[in-house]
Structure formats: structure tokens, C-alpha cells
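Presented below is the structure to which this report refers.
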């Protein structure tokens, strides 16, 4: 039986843990050595509800030098993961300031599913992180409620959180990618196989 192919585009500010998250998923463990700013496109088979899809991961760099070439990564994208880091208010603000306008301009369809992902959720209660943000006159780590509100504001398909360091919620992200591809129609997720929320705090809009 031929597998469906999913082109997955991962977006978000630099240092939000996009590449680390993908490496953690593909290897099963948190990378302890050098982590590049982005990795070349790779692919893996992922199963959801007994259906296996071949998912191609496109890790898009957020560096300014790639602003002119990044639009070329959008064509044929089936699902987008848009990341912000829970310890970075700036990356949170840039979701609606920078990334959503870019997505609306270049995504192949206004109905392309978007998973808003809060990374590094292990830092939400971290004392050093909280103190550092306070010293820099920044808002505290992003709360779950704030992330959920933003996902509704940008009309994301769902909101998830993860910690690559703790390997929390990472596997679930990619199951939800397949789920979005299989069951999203006109931007609405209608999965007949489940009516309950999952363990990674998946909120369906």
C-alpha cells in the first residue's frame, strides 16, 4: 500500500529549539553535542490510527540572511509547526508579528494546518529563567493560557507544548502532524476516531 507523503515545514525564531526538537524525535534522545541552526530536509515514517505516512521534515532557518530564500520552502507544504520558546517573550510576540504574516503570504493555502508549539516547557517554573527575564525587564515565561489564547488569535489548528530536554510531548507532536494531514478539511480538524484531548495538552480550535 502506498504511503501518503506529508511535507512538514517547521518555523519560528532562532533558538526556539526547532532543530533540537526534530533531532530528539528522530534519535529518541536529547542532543548533547553541537546543534546546527537548522538541518537539511529529512524524512521518517510516522503512524497515527494505524495509518502510516511518510513525513518530510523541512527545518527553515529564521536567520535574517535567509529571509529572501525562506519563501521557497513553502510550496507544497501540507502542515506547518510554528514554534515559540516559553522562556522567550520575543519569540512569542514574533508569532503574530513576523511569522503569521509570512505564512499567510506564502503558504500554499489559507487552510494549511498550523500547529502552534510552545517549546522548552520545562523552563516555565525554572527559577533561573524567571530571574533572568525579570533582570532584563521582560515578561515572565509564557503561560499555557497565553499560548492557548495566541493559538486562537492566529486561528491555529491546535496548540501543543513540549520539552525536548525531558522528551515530554515530542512524540505526540508528530502524531498530531499526521492527524492534521488526514483529518483537516478547510482548516477544520474533524477526527472521527477520537473525541478526547491527548496527554500533551493538545487543544483543538
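Including glycine, each Cβ sits where the backbone N, Cα and C put it.
Quick caveat, the model's predicted, so the values are computed rather than measured.
Of the given residue ranges 16-24, 25-33, 34-42, Swiss-Prot assigns the label motif 'Effector region' to 34-42. Non-local contacts of residue 121 (GTP binding site) by the CB criterion (under 8 A, 6+ apart in sequence, same chain) comprise 86, 161, 162, 163, 168, 169.
In terms of local Cβ density within 10 Å, 18 ranks first among the binding-site residues 12, 15, 18. Look at residue 18 (GTP binding site): DSSP puts it in a helix.
Of all Cβ atoms in the shown protein chains, 20 besides its own fall within 10 Å of the Cβ of residue 60 (GTP binding site).
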